[in-house]
Amino acid sequence: MGSSSSSYTPKTVYLDVEGKVQKVIFSLHCSPCDIRELLCSSSNISRNTAIMLVDPEGALVSIDPTMPANSPNNLYKVMPLCTGQLGEKEDMFQNVLSQVAEQFSRAFRINELKTEVTNRLAMLEKRVELEGLKVVEIENCKKDLKKLRDEMASRGGGRVNCTCKYNFSDDGKKLSPRRDVPSYPKYTLSQETIEALKKPTFDVWHWEHNEMLSCLEYMYHDLGLVKEFNMNPITLKRWLLGIQENYRNNPFHNFRHCFCVSQMMYGMIHLCSLQEKLTLTDMGILMTAAVCHDLDHPGYNNTYQINARTELAVRYNDISPLENHHCAVAFQIISLPECNIFANVELDAFKQIRQAIITLILATDMARHGEILDSFKQKVDSFDFTNEEHIRCLKMVLIKCCDISNEVRPTEVAEPWVDCLLEEYFMQSDREKSEGLPVAPFMDRDKVTKPTAQIGFIKFVLIPMFETVMKLFPQIEEIMVQPLRDSRDHYEELKQIDDAMAEERKKKTENMSLGGKKK
């Protein structure tokens, strides 16, 4: 999206220094004073000596960034001026002229100077990052200690545990994005990991937060988004850190879920060959919306927000309060100069990107599921990749698929997510009961089981949506749709076992009751 400039090509001049050729290179942004000092140093002359530059014919050459370049066959010569050659007034006049020339030079190159300063700052930040590994390790130790304290506190507080692979603390504390140099270490991804990232079977439970950040960073580079949007790589790192720190430690809606959704989006882009059908801008919109889609999720859904009349529900007039909040937090982070990955995008283009990202995040509200899927069904049989409305609808369906795609993954990866989701549901329903609010049956720990929670969702939400997408991309059937059918069958078998055990317990209870009456 940005454009590179050729104005940074340095200038080279060749000097005759005691019969030898001396090559001098300087930036076009150097001041005349800097160039004089460089010429003095190159000619073994004291830096404060007044000098003049002459060509082989003895003609004077101006000493400033615009001086004509020469060649090794046409050497310039630096000549020191005698003390008496310049009077005080003439010397003063020369200095004033030099300062005026320098000011004009700087005034007309201010934008180029800003870019150069930015580039130099990026280089310095990179050096600090590379040289600060000890600080990184200290910070990692601090985080590990905090995590351990949180786990101990959660166990000691009588909190309901789940069979998740990770324990989560729920301190509700909102973190603001860091403003320092990004401190997570750089991981070199193996070829095996790079290939696995492109597949829905990717096991998201094997990765620490720092590793997930590196994977997300790799995805942006691999898809060409860093180049397309002219992102500063350090800004991308800092933005990803800001994103991670603004996901709360909920059982389900946390940074690992963000990574899950983003990795599935990356996988669908490769599986469906979307690079050949959509623009790079569309890819950036899809990935960025996936990364940001649940920012600062409080762990309580829209129904609770509206029934409890929370600040979010009041602020957004009961219309998708959480999704509107996710959008707001996303663009609060991007509005920070140090986190603005779209800083080099033209204003009109950024407005369109912003609106598209908002549209996709708002589409993740399940209250709109039927509306969005029906709209896509009307278009899919005659889908036109040159039609903007068709593309907009496709992107909405893609982020919806990725958001609720856990059951597409292998059972050992998908099933722990069900435990995490149920824990979050039970936390909400317990709170609703204590506050006298309506409780949804599928969230009530006294009414729902894992099979009953999943069967209806897979049969009536997931399979119909993915089968509709399959009409446009038949290649997803084996890798994404068939696992959903297998998962449905798996939970139906579990339900039959649960029902049989419940029936057996019921008979035993009745027999015991009859036996008691006979006595």
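Glycine is treated like the rest: Cβ placed from N, Cα and C.
Record features (TrEMBL):
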type	residues	note
ACT_SITE	HIS253	active site, proton donor
BINDING	HIS253, ASN254, PHE255, ARG256, HIS257, ASP294, ASP403, GLN454	AMP binding site
BINDING	ASP294	Zn(2+) 2 binding site
DOMAIN	177-498	domain 'PDEase'
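Feature map: TrEMBL annotations on the structure.
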residue	record	Cβ contacts under 8 Å, 6 or more apart
HIS253	active site, proton donor	TYR247, ASP294, HIS297, GLY299, GLU424
PHE255	AMP binding site	HIS209, MET212, ILE243, GLN244, TYR247
HIS257	AMP binding site	TYR247, ASP294, TRP417
ASP403	AMP binding site	VAL261, HIS293, THR364
GLN454	AMP binding site	GLU407, VAL418, SER487, TYR491
ARG256 (AMP binding site) CB neighbourhood, other CB atoms within 10 A: 21
Span of HIS253, ASN254, PHE255, ARG256, HIS257, ASP294, ASP403, GLN454 around AMP - largest C-alpha separation, Å: 23
Mean predicted confidence [pLDDT] for the domain 'PDEase' (177-498): 95
Other CB atoms, at most 10 A from the CB of ASP294 (AMP binding site): 25
